Amino acid sequence: MSDSLQPENAQLNLTERDQKVIWHPYTQMKNALPHIPIVRGEGVYVFDEHGKRYIDAVSSWWVNIHGHTHPHIAKKVAEQLTVLEHVIFAGFTHEPAVLLAERLLPLLPGQQDKVFYTDNGSTAVEVALKMCLQYWDNKQQPKNKILAFKNAYHGDTFGAMSVSGRSIFTDAFNSLLFDVAFIDLPNADNIETLKAQIANLKAEVACFIFEPLILGSGGMLMYEAQYLDELVATCKQNNILTIADEVMTGFGRTGTYFACEKLTHKPDIFCLSKGLTGGTMPLGVTTCTNEIYNAFLSDDKLKTLYHGHSFTANPISCVASLASLDILLESTTLENIKRIEAKHAVFLQEIKNHVKVKAIRQTGTIIAIEWETGNETSYLSNLRNLLYAYFLDKGIILRPLGNIIYILPPYIISNEDLDYVYGAIKSALEEI
Ligand SMILES: *Cc1c(COP(=O)(O)O)cnc(C)c1O
């Protein structure tokens, strides 16, 4: 065994070696900026090879809720590595998977009874869709249409892409995505129309999948709980199952542990990932009610849910999740969430009348600032890259979605670091 480099690569730095062998996600590799080698993470910061510090203001793609290399999670993960790293999850089980399900189910809004494990958000969504479609099939009332929001994002696998809004991300595949009934986000003006639309589709629609309160990748588009509640109620009245995709909103992001706590009518299924392990390990969870689970119990083998991944319920990931839950449930975490919410609100008031601010939005610990671009579309395409580089230069990781700047920080971010990020956005508004 040798960990020495091949001689021809010995003179290259990590960015150059990366360029030779790596294809990065969501990246046009032709003109990508050099990828920054990160050598260490601690709390809200990551550090590059030259010691430059970056504030991780997007929680490393929305996964990191308690900060990097959290000592409690690190300790539990390290211990588990010497006990059981992984075991096949068909025919076998283990304490971390059972304990996590036992602790997670009572925390979820409404009555959730069973956990199905996968290993990321997209697969958690795939499982939810399959549960719903096969539920109706198993009950011999087949329905094969799915209802979703127009600008939704539910992941990058084909099923998850199909129920996501059609966009530049899906363009190359649109002809192969299955047909979905897309509806607008609800508001006071259209809620009655939407309810009528749903009632009309009841015979063919198996389920309604939604990101509660906020559509993330679609541009941090926010809508009110009261109208989602009405849509969920309408689905229930019309025999349509409901799937809450809380992959981004789960674990405190919107101010409560789960966004659906704000609803009086609770969904049948939840999809969780991202913050689940505190951002340490990949893991996905799909939970459901016994009503759904029981429809798969049968002597007929065809009624089985034939789905599973090699790393289903990985013990290390489960242990990371248990440790993350410990931290989430500490009173200081909820206090931090409230502190961030309050500071965000003050900052938005300060900038809302700026000429370059077209719109501001907030849900819990997430704020979004829409940049006024006028009609200059070429400027728009450049703006995102300008802003991204501007913040990086200031030691802040912010990844605008087009002309929308958002902050989605780990809950442990200090007031000083939040003020620094706000200051950088204010100076961007003046300088760019
Ligand atoms: C990120 C995300 C997904 C996909 O999760 P991955 O782990 O990236 O596959 C699904 N739904 C929502 C709402 C997300 O934000």
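Sequential numbering from 1, following the chain as shown.
From the backbone N, Cα and C atoms, a Cβ is placed for every residue, glycine too.
Copied from TrEMBL, the annotated features are:
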type: BINDING; residues: TRP61, TYR153, LYS274, GLY308, ARG399; note: substrate binding site
type: BINDING; residues: GLY121, SER122, ASP245, HIS309, SER310; note: pyridoxal 5'-phosphate binding site
type: MOD_RES; residues: LYS274; note: N6-(pyridoxal phosphate)lysine
Please name the residue among the binding-site residues TRP61, TYR153 whose C-beta has the most neighbouring C-beta atoms within 10 angstroms. TYR153
When you tally the Cβ atoms that lie within 10 Å of each candidate's Cβ, which of the binding-site residues (GLY121, GLY308) has the highest tally? GLY121
Please give the maximum pairwise Cα distance, in Å and rounded to a whole number, for the pyridoxal 5'-phosphate-binding set GLY121, SER122, ASP245, HIS309, SER310. 23
Do you know which of the binding-site residues SER122, ASP245, SER310 end up with C-beta under 6 Å from ligand 1? SER122, ASP245
Whole-number Å only: compute the distance from the Cα of ASP245 (pyridoxal 5'-phosphate binding site) to the Cα of GLY308 (substrate binding site). 19
By the 10 Å Cβ-neighbour count, the most surrounded of the binding-site residues LYS274, HIS309, ARG399 is LYS274
Which site among SER122, ASP245, SER310 has the most other CB atoms no more than 10 Å from its CB, taking these as binding-site residues? ASP245
DSSP on LYS274 (substrate binding site), three-state: which is it? helix
